[in-house]
Ligand code: 5GP
């Protein structure tokens, strides 16, 4: 998505080898016009699916997920993160290793908000090693719901998340696909072609 790639070039900061900081428009300050355009784009990409619910993880997935939910006119549920694994009967839970924070988070969703009748679109801000999305997929399985696809704002194609999801035959659509960071600059996949 051109608008997003331009914004990443303008405001993204490369940290170390493989982390992109986008706190100017996505991870801290949020640009609602950009989020609205991304929501429309997710709707276009998954328009042939009968989506009934959007799932994400707090906190950075919420903004893009809500705008996707607005475009599809379906509810958005975000998994809540907590430190300890306190299993509760009324929750679906999974353990997710956080790539940026180097800690295990436990995520959970109330059984009230996900059922076997749901056809789910997963939305997240980044796809890196795929841990966050895998956690949501295990929750969707536990609920007996149907996964329709995964929509990602920024994918780092050099990390293993995409390959994991492709192996499972899942439709993954990323609005920006980063091939590499070179000398602190972002190189998009389509620039290499
Ligand atoms: P994964 O579970 O795919 O390894 O990582 C996904 C999660 O880690 C995302 O939801 C995001 O919060 C965080 N993350 C991974 N890579 C980056 C990055 O380069 N920049 C930022 N800001 N967050 C990232």
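Glycine too: its Cβ is placed from the backbone N, Cα and C atoms.
TrEMBL: automatically predicted annotations, no manual curation.
Xanthine binding, as stated in TrEMBL, involves 27, 156; the candidate among 20, 34 given for that site is 20.
Within 10 Å of the C-beta atom of residue 129 (5-phospho-alpha-D-ribose 1-diphosphate binding site) sit 16 other C-beta atoms, taking all shown protein chains into account. Across the residues annotated as binding xanthine (20, 27, 156), the widest Cα-Cα separation comes to 16 Å. According to its DSSP assignment, residue 156 (xanthine binding site) is in a strand. Candidate binding-site residues: 20, 27, 156. Nearest to residue 130 (5-phospho-alpha-D-ribose 1-diphosphate binding site) by Cα distance: 156. Cα separation, residue 128 (5-phospho-alpha-D-ribose 1-diphosphate binding site) to residue 20 (xanthine binding site), rounded: 11 Å.
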